[in-house]
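Student: Just passing along the structure, written as C-alpha cells.
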Amino acid sequence: MDKGLHFTFCVITAMLLLRESSQKGEKNDSKVLAVLNLVLFLTVLEDPYVMVRSAELEGYCIDLLKALAAMLHFRYKVKVVGDGQYGAISSNGNWTGMIGEILRQEADIAVAPLTVTSAREEVVSFTTPFLQTGIGILLRKDTTSQDMSFFHFLAPFSKETWTGLLFAYVLTCFCLFLVARLSPCEWNEPKSEENHFTFLNSLWFGAGALALQGVTPRPKALSVRVIAAVWWLFTIALLAAYIANFTALLSSGTEELPIQTFEDLVKQRKLEFGTLDGSSTFYYFKNSKNPIHQMIYEYMDKRRDHVLVKTYQEAVQRVMESNYAFIGESISQDLAAARHCNLIRAPEVIGARGFGIATTQASPWTKQLSIAVLKLRESGDLDYLRNKWWETSCLQQSRDRWSPLQPQALGGLFLTLAIGLALGVIAAVVELSNKSRHAAGHVKKSCCSIFTEEMFTRLRIKENTRQSQETSARPNA
C-alpha cells in the first residue's frame with residue numbers, strides 16, 4: 001500500500017511540474033527534464049555539425065552526442081538555439097545565442113562548433129576541445145588566380161630544374177663531340193678524313209633528341225652510341241615529366257595564390273572580406289594588438305552592415321557568387337573547399353583554438369564529458385567522425401595545389417645520364433688505346449707516345465687540316 005501511494009505521489013509531482021513548465025515556457029525545460037532523467041542539449045544548425053534531414057537532426061555533433069550518451073549512460077533531448085547565434089555580449093550587457101540560453105537555464109549543455117574563448121569561459125564552463133581549428137581565409141579560385149605570364153610554358157619545372165637541364169644538355173653534347181673525335185671507329189685517318197661530329201653538329205644532335213626527332217650525323221662507334229642511347233632515355237623521361245606537369249598546371253587553372261597571408265588580404269583592393277557578425281573571430285581581431293589584425297578589424301567594423309554575414313551558409317554563398325573573402329574557422333573552410341571544388345583556403349592559419357562543449361559553471365557534467373571526449377580521441381572515434389563528415393567530393397583538396405617539379409624528383413634520371421656519359425668516354429679511350437697499341441707495334445714506338453699523338457691529332461684536326469691545305473696549295477701557285 002505504501003509503495004502504491006509513493007508511486008502515485010511521484011506521478012502527480014511529475015505531471016504538476018510538466019504543467020507548470022508549459023505555462024512558464026522553455027525557461028524551466030532543463031529542470032523538468034532533469035526530474036525525468038533527461039538532459040537538454042542546445043545546438044545550432046551548421047553543416048556538417050548539425051543538419052536537418054527528413055525531419056531529423058544529423059551531423060558531426062549529433063554523432064558525438066550519441067557516442068557520449070552511450071559512454072555516460074544518459075538520455076538526452078536536442079534543441080536548436082532560438083536566435084541562431086553562438087554567443088556574444090550584446091549592447092545591453094546580456095549574452096546572446098547558446099551562451100545566453102545556458103546562463104538563463106533554458107538548456108543544460110551546448111554541443112556545437114562553439115569556440116572556447118576567455119570571455120565565454122568567465123560565464124560558462126567548457127570541456128576538453130573535441131576539434132582543433134584556427135582562423136583562415138576562404139576564397140574563390142577564379143578571384144585569386146593570376147594572369148598567365150608570357151613564359152607560362154616554363155612553369156612546369158622550377159628554375160633549378162631548368163638550370164640542371166641546360167647544364168646536362170651542354171655537357172652531353174660536349175661529350176659527344178669529344179668521344180666522336182677520340183674514337184677510331186668514327187674516323188680511321190684523322191689527317192685525311194673529316195669528322196662529322198663537330199661541336200655544332202653535336203648540339204644539333206642533342207636538340208633533335210629533345211624533340212624526339214632523329215637527326216644526322218648518325219653515330220658509328222660504340223662509345224658514341226652509348227652516350228646517344230643514354231641521352232635518348234633521359235629526354236624521353238624528361239619529356240614525359242614535363243607533359244604530365246604541364247597538363248596538371250593547365251587543369252588547375254591557377255598558379256600560386258596571390259593571397260597567402262592576412263597581410264596579402266589587407267594590401268589587395270579586389271576582394272571585400274568579412275566574418276560572422278558577433279563571432280569569436282570578429283572579437284579576436286578586435287582584441288588583437290597586431291597591426292595587420294587591427295587593420296582587418298577596422299575595415300570590417302566600418303563596413304559592418306555590408307561585409308559581416310549572419311550565417312556560415314550565407315558566407316559560403318557570398319564567396320561563390322561575388323568578390324568576397326570569408327574569414328572564419330579553418331576547419332569549416334576545409335569543409336567548404338571539400339564540398340565546393342571552386343573554393344580554396346589560403347595557407348596561413350592564425351589563432352589556434354578549439355571547439356568545446358559548454359555547460360553551466362560548477363556543473364558535474366563538465367568533468368565527465370571532458371573525460372569521455374579524451375577517451376573518444378584516444379580510441380580514434382573523433383578521427384573517424386572527422387573523416388566521415390569532411391569527406392571530399394573533389395579530386396584534390398584545395399591545399400594540395402600544383403607545384404613546380406623540383407630537381408630532387410629527377411635526381412635518378414640525372415645520375416643515369418652522368419653514368420652513361422662516363423661509360424661513353426671510357427669506351428672511347430679504350431677504343432683509341434687499342435688502335436694506339438696496334439700502331440705502336442708497326443712503327444716500333446711506345447704505346448703512350450702513339451696514344452698522345454693520336455689524341456692531339458684528333459682534337460686539333462681542324463688546325464692540321466688547314467695547314468695541310470695551305471702546303472698543298474703553295475706548289476700549285
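Cβ from N, Cα, C; glycine included.
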Student: From the ranges 136-155, 196-215, 336-355, grab the one TrEMBL calls transmembrane segment.
Tutor: 196-215
Student: Tally of helix, strand and coil residues over the domain 'Ionotropic glutamate receptor L-glutamate and glycine-binding' (48-104) according to DSSP?
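Tutor: Counts, helix then strand then coil: 20 helix, 15 strand, 22 coil.
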Student: Among all chains shown, work out which of the recorded positions Ile259, Cys341 has the most CB atoms within 10 A of its CB.
Tutor: Ile259
Student: As a test of the contact definition, list every same-chain residue at least 6 positions from Lys286 (site 'Interaction with the cone snail toxin Con-ikot-ikot') whose Cβ is closer than 8 Å to its Cβ.
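Tutor: Non-local contacts for Lys286 (site 'Interaction with the cone snail toxin Con-ikot-ikot'): Tyr297, Asp301.
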Student: Among all the protein chains here, how many other CB atoms are within 10 A of the CB of Lys375 (site 'Interaction with the cone snail toxin Con-ikot-ikot')?
Tutor: 14
Student: Which whole number is the mean pLDDT over the domain 'Ionotropic glutamate receptor C-terminal' (39-392)?
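Tutor: Value for the domain 'Ionotropic glutamate receptor C-terminal' (39-392), mean pLDDT as a whole number: 85.
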Student: Between Cys341 (disulfide bond) and Ile259 (site 'Crucial to convey clamshell closure to channel opening'), what C-alpha distance do you get in Å?
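Tutor: Just about 18 Å between their Cα atoms.
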